[in-house]
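Notes to accompany the following structure.
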Amino acid sequence: MRTAILKKVKRIVIKIGSRVLTGDENGLNHAFIARLAAETASLRQQGRQVIVVSSGAVAAGRRELGIEGRPKSIPQKQAAAAIGQSRLMRAYEEDFGRFGHKVAQILLTRDDLANRRRFLNARATLDTLLDFGVIPVINENDTVVVDEIKFGDNDNLSALVTNLAEAHLLVILTDIDGFYDSDPRANPDARLIHLVKSITRETERAAGDSGSSVGTGGMVTKLAAAKKAGQFGVPTLMLNGTVPGILTKAFAGREVGTLFLPARESLNRRKHWIAHTLRPSGRVIVDDGARTVLSRQGKSLLPSGVIRVEGEFDRGACVRVCGADGAEIARGVVDYSHAEIERILGHRSGEIEAILGYKYGDEIIHRDNLVVL
């Protein structure tokens, strides 16, 4: 199965973890970058396109600025990123250039992908670079980013880039051999799982509670990235990037690392964008009847099923749809603002125009703009 899947892959997103790229965290691991360049050249010779999602800018800049340990403030981190980006790209340019490959830097914030026009423009730029044989190196724009427009981590960014680039495979290079059934650093009997057919609640528990910021070898965010990529119909391959030749071994059919199969029912591009790229602005709370209809029948959300609205948002915003117990059941783009929904909630669709004096449609959220989670 693995060989058949990898044989069809033409466009790959490779996410490089900071521990792999910075080694002892005293700067960039130049030996790793040289190996990556050689293995990427081999993939290119096989007719595959490669996109790199890279950490390392802050670590590289921190050393240049003489900052010991992690930056103690956001301005320090952003200053380190500003100087580190050029150092990082110089390293990629030198090592990839030895194989005749050009690299290009793309810095993104969540806003760039949440805006549909900028999202499509970024996709066109990626396609053009790949058509010219250039290897894009993507990172979050740490120099200007604030909490409101952060991706959160580069694992999440790599999953969103997989959608953006319409890639066929996400590769996550980390510093452990793959996904284990428990923390291999705490449990010497932890078992490496080579194939994950579906990411279930049990899988998430093995990685650590999904609501926690820590997990099995940093596995929580990596598992979330694999799940997001899988919902777009893309498999994820998790490999130990500290092992020389690991990409070559994987694409030669060796059973290394962990392969996560994609979801059986994948989301289309727009719904994946709604579910994972847009930042929700508020919450729409629905009754049990609406919850059942949304979850099981894939219907639109009508005002009659809404019991209250939380937060302030305009028409066209993304919101969380939650049950009366507070559990999130869906996300969607609303056809009415929070103020309008407050006036029409609990009413039939036929009453909307009489209440508001106008009508955008029968639905609070049309099913084409609604993603059940």
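One-based numbering along the chain as shown.
A Cβ is built for glycine as well, from the same backbone N, Cα and C atoms used for every other residue.
Record check, Swiss-Prot: substrate site residues include D142, N154, and the candidate from S42, S55, S73, S86 also listed there is S55. A separation of roughly 16 Å, to the nearest angstrom, links the Cα atoms of M219 (ATP binding site) and S55 (substrate binding site).
Separation of the C-alpha atoms of T221 (ATP binding site) and N154 (substrate binding site): 9 Å, rounded to the nearest whole number. In sequence order, S18, S54, G56, A57, V58, N139, E140, D153, L157 are the residues of the same chain, not among S55, D142, N154, whose CB sits within 8 A of the CB centroid for the substrate site.
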